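These come from Swiss-Prot:
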- 1-13: compositional bias 'Low complexity' (COMPBIAS)
- 1-21: region 'Disordered' (REGION)
- 38-58: transmembrane segment (TRANSMEM)
- 63-83: transmembrane segment (TRANSMEM)
- 109-129: transmembrane segment (TRANSMEM)
- 132-152: transmembrane segment (TRANSMEM)
- 160-180: transmembrane segment (TRANSMEM)
- 188-208: transmembrane segment (TRANSMEM)
- 245-265: transmembrane segment (TRANSMEM)
- 286-306: transmembrane segment (TRANSMEM)
Amino acid sequence: MVSSTSQIISTSPSRDDVVPSRKKVTLPPWLEVAKPRLIPLLLATTLGGMALSEGWPLPSPRLACTLGGGALAAAAAGALNCLWEQDLDGRMKRTSSRALPAGKLSPSAVFTGAISCTLAAAALLVSGVNCLAAGLSLLGLCSYVLLYTAFLKPRTSQNIVIGGVAGAIPPLVGAAAATGHIGLSGWWLFALVMVWTPAHFWALAILLKDDYRSVGIPMLPVVKGSVFTAKAIAQYGWATVLLSCFGVFALPEGGALYGILLVPFNVRLLQMVRRLAADPEDLQRAKGLFRWSILYMFGICLLLVVSRSTLADQFHNQAIYLFTNMGSVFSIA
C-alpha cells in the first residue's frame, strides 16, 4: 500500500504546486503571520450577510468599519494560529520557512501584534457598528484559535466539520452590522458556509496528507484515506448545492435572479466533485476542486450582492408579472 501510494505521488504534480502563489509572492514576515490570503473570502461572506438583510445597502462609514474590523480580527486570529502552531510548522517542510519557525519574528512580537489587532478590531466595531457585530467577530476569533486550532485539529478527523463554525461567523457579523440582529437569512448563509467548508478543506487535505501524517495531525485523508474522503466531499458537495438553493427564499428581493445565476455555479461544483470521486488520488483534481470551491463561495456572495441591485429588482418584478399573467400572455385571441 505504501509503495503504491509513493508511486502515485511520484507521478503526480509536486506538492509545492498546490498553491503556486505562496511560492511566487514573498510577504513581509509581519504580514505573513496575519494570513492575508484568507481575509478576502471572510470579508466576502460578511458582505453576503449584509446583502441578505433589510438594512442593505449600509451607510459607507458603517460598511467600512465592519470590513475593517473584520479584517483586523481575522489578522489577529491568523497570527495567534501561527503562534500556537510554530513548533508544528517548523517540523513540516511546507511551513518550515514561515516567519516564526524561521526566526524572522519573535513570539512576543507576534503576540503583541495579535492583541493589538484584536483591541483595534473591537474598538472599531463597537464605535462604528454595534456591540453584537463586535462580539461575533471576537467569537469567530476565539473559535478559530481555541476551538479549532488548539482543541479539535490535533484530536479528531472531524476537526473541520465542527471547527468550521469559525469561518461561518462572518455572515452573522454582516447581518448584525446591517440590522443590529441576526435573522433567518443570516443563519442560512452561516449554515451554507458550514456545509461548504469540509468539501473545500478536505480537497486541500488530500493534497497535503503526507505533511499532516508526518506530524500526526489526524486530517480525514490521513485517517480514512483519499477514497473515503472523496466520498465525504461528494456528500458535503451535494449538501452545499441543495442548501444554496434556499438563497432564493432568503433574499428579501432578487431571489429569482439569484436562482437563475446560481445554476452554473452548482453544476460546475458537482462536476469537480464527481471528477475527484472518480480518481481520489489525482492531485490535480483535488487541486482543481479546492480552487473552484473558493471561487464558488466568492460567486455566491457576489450573486447575493448583485441580486439586491436595482437591475435585479426590475428583473424580479418582470418575472412576477409574466408568471401571474401567463394565461393572458399565451392566450390566442
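From the backbone N, Cα and C atoms, a Cβ is placed for every residue, glycine too.
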- Interface check, the transmembrane segment (160-180) with the transmembrane segment (63-83), three or more C-beta pairs under 8 A: yes
- Which one of these stretches, 38-58, 63-83, 188-208, 245-265, 286-306, has the most C-beta pairs shorter than 8 Å to the transmembrane segment (132-152)? 63-83
- Distal contacts, the transmembrane segment (188-208) - CB-CB under 8 A, six or more residues away: 15, 18, 45, 48-49, 52, 94, 160-161, 164-165, 167-172, 175, 219-222, 226, 229-230, 232-233, 236-237, 239-240, 243-244, 246-247, 250, 273, 276, 280, 283, 286-287, 289-290, 293-294, 296-297, 300, 304
